Amino acid sequence: MTRPLDDLPVPVTVLGAGAWGTALAAQAATRQPTLLWARDAAQAEAIATTRLNQRYLPGIALPAALRVTADLDAALAHAGAPGARGLFIIGTPMAALRETLARLPEGSAAMWLCKGFEAGSGLLGHEIALQAAPRVRTGVLSGPSFAQEVARGQPTALVAASRDAALCQAAMQALHGGSLRVYSSPDPVGVEVGGAVKNVLAIATGIADGMALGLNARAALITRGLAEMTRLGLALGAMAETFMGLSGLGDLVLTATGDLSRNRRVGLRLAAGVSLKQILHELGHVAEGVYSAETVLNRARTLGVEMPITEAVVAVLRGELAPRAAVAALMTREARAEH
Ligand SMILES: NC(=O)c1ccc[n+]([C@@H]2O[C@H](COP(=O)([O-])OP(=O)(O)OC[C@H]3O[C@@H](n4cnc5c(N)ncnc54)[C@H](O)[C@@H]3O)[C@@H](O)[C@H]2O)c1
Ligand SMILES: O=P(O)(O)OC[C@H](O)CO
């Protein structure tokens, strides 16, 4: 049951001025007083004066209403002032989620955009938040959303997930409208598992497509990938239906088939025989699947969950198997029932 959204302005601070943080800030600025924080002062100055984020969203004009700063105190005050009903949106990579959450004022509200498991700890965002910001109201904003399309105002549907239903409502109030539809979900675990695992699966479909294995193979990888994503999610306490939604099947189809995906591009280049080091050097953006794949597999193994496609991707990323050998390993697995 959703309540009607009111018209009071919501101060929004977006922390992190990469492709996705900037794109969402641009959309938020069409509805709410929005401040984008970049950690690099020169980058903040360039965005503010040119109205372009040339490094991360080249050629896409940003709205005049979007304010940009490198002043962290000002960024924290904008959405974190007591009683301001503000919303922080964290647009950093997963690796910086912990330190960014720890900076937020007590009692404030925050949603993160990053998709993955934290390398090292193996934790999802909601687990990191419990450690780093126990007094901040938190959730995750996910779904099929290439930054370039959102920045251009192309229609996009997202899901705001939190066990705090009022926080989901606040995110919807701040962002729903215009070209963005924002749904709510009470299942942050499922939404986060979907976002993390689809990145690994996009590397797998990139490899298969790069090897010209065909459309049948791609559909098989997506469908069996969805099965392994769902198995892991259920073992972690997620709701099954989440994996049929925007942050599961929706984001998996987008990322596994859309050439705007950085993770898919990693797979395509691996299939072409390029080294991972060289691929990451050329990419210039984060491809979270590269950093999460091992962690996904470790958590799955701890829980006794089988994830053969993830296992194959990890072996290729580690350089232990060539793409062709990884495909052979998947194809020679024992025959079994689908469900
Ligand atoms: N690009 C997309 O289409 C998209 C869509 C949905 C989700 N995401 C997710 O959002 C997250 C960010 O992706 P992106 O595409 O914006 O990455 P990106 O590579 O384009 O930019 C990352 C940004 O984070 C900044 N950053 C890194 N460490 C930081 C720190 N410690 N403090 C502050 N800023 C820091 C970098 O300076 C850079 O501006 C990833 O987890 C990604 O999976 C991306
Ligand atoms: O470019 P990718 O592979 O990081 O995917 C971007 C988004 O997560 C798609 O929803």
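Note that Cβ sites are derived from N, Cα and C of the backbone, with glycine treated the same way.
Feature annotations, courtesy of TrEMBL:
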ACT_SITE  LYS198  active site, proton acceptor
BINDING   TRP20, ARG39, TYR56, LYS115, ALA147, ARG262, VAL286, GLU288  NADPH binding site
BINDING   LYS115, GLY143, SER145, LYS198, ASP251, SER261, ARG262, ASN263  sn-glycerol 3-phosphate binding site
DOMAIN    12-167  domain 'Glycerol-3-phosphate dehydrogenase NAD-dependent N-terminal'
DOMAIN    187-327  domain 'Glycerol-3-phosphate dehydrogenase NAD-dependent C-terminal'
Among ARG39, LYS115, LYS198, ARG262 [recorded positions], residue with fewest other Cβ within 10 Å: ARG39
Cβ-Cβ distance under 8 Å to GLY143 (sn-glycerol 3-phosphate binding site), same chain, at least six residues away: THR156, ALA157, LEU158, VAL159, LEU246, SER247, GLY250, ASP251
Mean predicted confidence [pLDDT] for the domain 'Glycerol-3-phosphate dehydrogenase NAD-dependent N-terminal' (12-167): 97
Pairwise Cα distance for ARG262 (NADPH binding site)/SER145 (sn-glycerol 3-phosphate binding site) [Å, integer]: 12
Most distant Cα pair in Å, residues TRP20, ARG39, TYR56, LYS115, ALA147, ARG262, VAL286, GLU288 binding NADPH: 23
By Cα-Cα distance, the member of recorded positions SER145, LYS198, SER261, ASN263 nearest LYS115 (NADPH binding site): LYS198
VAL286 (NADPH binding site) and ASN263 (sn-glycerol 3-phosphate binding site), Cα-Cα, nearest whole angstrom: 9
Per-residue Cβ crowding (10 Å cut-off), top of binding-site residues TRP20, TYR56: TRP20
Secondary structure content of the domain 'Glycerol-3-phosphate dehydrogenase NAD-dependent C-terminal' (187-327), with strand meaning DSSP E or B: 110 helix, 0 strand, 31 coil
When distances run from the Cα of SER145 (sn-glycerol 3-phosphate binding site) to each of the binding-site residues TRP20, TYR56, VAL286, the nearest one: TRP20
Rounded inter-Cα distance in Å - TRP20 (NADPH binding site), SER261 (sn-glycerol 3-phosphate binding site): 12
Sequence-ordered binding-site residues from TYR56, SER145, ASP251, VAL286 with Cβ under 6 Å of an atom of ligand 2: SER145, ASP251
